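Engineer: Got a structure for you, questions after.
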Amino acid sequence: MEFLVQGITQITWQQILMWIIGGILIYLAIAKELEPALLLPMGFGAILVNIPMSGVLNQILPGIGEVHGIIDWLFEVGIESSEMMPLLLFIGIGAMIDFGPLLSNPRLLLFGAAAQFGIFATITVASLLKFPIHDAAAIGIIGAADGPTSILVSQVLKSNYIGPIAVAAYSYMALVPIIQPFAIKICTTEKDRKIKMKYNPKSVSRMTRLLFPIVVTIIAGLVAPASIALVGFLMFGNLIRECGVLRSLSETAQKDLVNLITLLLGITISASMKADVFISLNTLLIMGLGLLAFIFDTMAGALFAKFLNLFLKEKINPMVGAAGISAFPMSSRVIQKMGLEADSQNHLLMHAVGANVSGQIASVIAGGVIIGLVPGLM
Amino acid sequence: MNINVINSLKLMGMGMSAIFLVIIVIYLSVNIMLRLTSEKK
């Protein structure tokens, strides 16, 4: 009857710690409603993969040989071999995004680019902490504020830290309403935050909306070919939304596809949350660096807007620059709220939404650029 | 200086330049599209 106690006798303190971490993720998802669609499956998966001789992982059974476990299999097929899951998620994200506010005020595109600085600043800090360049780049991409991009880049670069990176990316995305106000207040004054911006959107024709995803795909593909999978799938989703003849597919992509892939992605990522890999000092460092990346991004966007204000007659509220991160629509809501706190008549929502969707485009371009450049530096 | 740090600074320079280049080309293309497809009143 020894087999009945085998599971209990083989348990390690690291595995028990992972159950607690899984429990915390489930608590945050349910009680605090922080990214529940992802943190809940990740939390439950963390428990599943940290049970001794867990059947959800590949096992060598005496007399039988290797037996495949479902979570290891999902990881191999859905993430490791082709990055299928994060890429399919981009179709749904593209279908959800209305680029109208950006197209009606295209100069907001620049803020999306500026806010990606946090990625590279964090890569430098991670390198100073002696992470190899491919791991540093995978950690820095947490600053893309985009979970699927973080997972995809860290997987393509064969980083050892895909689990902590995914946890950091999704946790901090959920904490944007706390992180961004803190970072914005560091680099802006009360006077900056009170700057009002006129909203005079250009009219956007249906043809522009249709051409936009195609043109962006071609430009990004020609200049940064490594970004084409990310940008292409995002823009494909948006074309489904804008074409007007695939309403049913667009709705499916926005709801069912996103829900299904998110659910599978969460539980699949837990394959990288095995105690022997996850429990290390580096995991704590990665959580710290991820937070730094979000702060750097926000400050870079705000400071870039302040820099542009040196040359502009009609000033830009620096908080709009800070919305150039990919966390959509949380970041725009934060900026609208902060604008109203500074002045009850200061409505910044539409400007912030434009910068925010620009951040979505720029973050996938950043992901592709990093995938393209890092192998040459290794 | 650590070779990794030098590489990360190189990456920062090349990466930010590439992102701004793509975004500026998209910005110019959007302006052209808006001009070409605007409905005349």
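Glycine is treated like the rest: Cβ placed from N, Cα and C.
Reproduced below are the annotations present in TrEMBL:
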TRANSMEM  A:12-31  transmembrane segment
TRANSMEM  A:37-61  transmembrane segment
TRANSMEM  A:73-97  transmembrane segment
TRANSMEM  A:109-129  transmembrane segment
TRANSMEM  A:136-157  transmembrane segment
TRANSMEM  A:169-189  transmembrane segment
TRANSMEM  A:210-237  transmembrane segment
TRANSMEM  A:257-277  transmembrane segment
TRANSMEM  A:284-304  transmembrane segment
TRANSMEM  A:348-374  transmembrane segment
Engineer: Which residues of the same chain, at least 6 past either end of the transmembrane segment (A:109-129), have a Cβ under 8 Å from a Cβ in it?
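Structural biologist: Here the qualifying positions are 102, 135-137, 139-144, 285, 289-290, 292-301, 304-305, 308, 320-325, 355, 357-363, 366, 370.
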Engineer: Quick one: find which recorded stretch in A:12-31, A:37-61, A:136-157 has the most Cβ pairs under 8 Å with the transmembrane segment (A:169-189).
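Structural biologist: Going through each listed stretch, the top one turns out to be A:136-157.
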Engineer: So, taking each listed stretch (A:37-61, A:210-237, A:257-277, A:284-304, A:348-374) in turn and counting its Cβ pairs to the transmembrane segment (A:73-97) that are under 8 angstroms, which one gives the highest count?
Structural biologist: A:257-277
Engineer: Can you tell me which recorded stretch out of A:12-31, A:210-237, A:257-277 has the most Cβ pairs within less than 8 Å of the transmembrane segment (A:348-374)?
Structural biologist: A:210-237
Engineer: Within the same chain, where does the transmembrane segment (A:257-277) have neighbours whose Cβ lies under 8 angstroms from its own Cβ atoms, ignoring anything closer than 6 residues to its ends? I mean 6 or more beyond.
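Structural biologist: Distal contacts: 12, 14-15, 17-18, 21-22, 37-42, 44-46, 48-50, 57, 71-72, 74-75, 78-79, 85-86, 88-89, 91-93, 96, 148, 151, 160, 162-163, 166-167.
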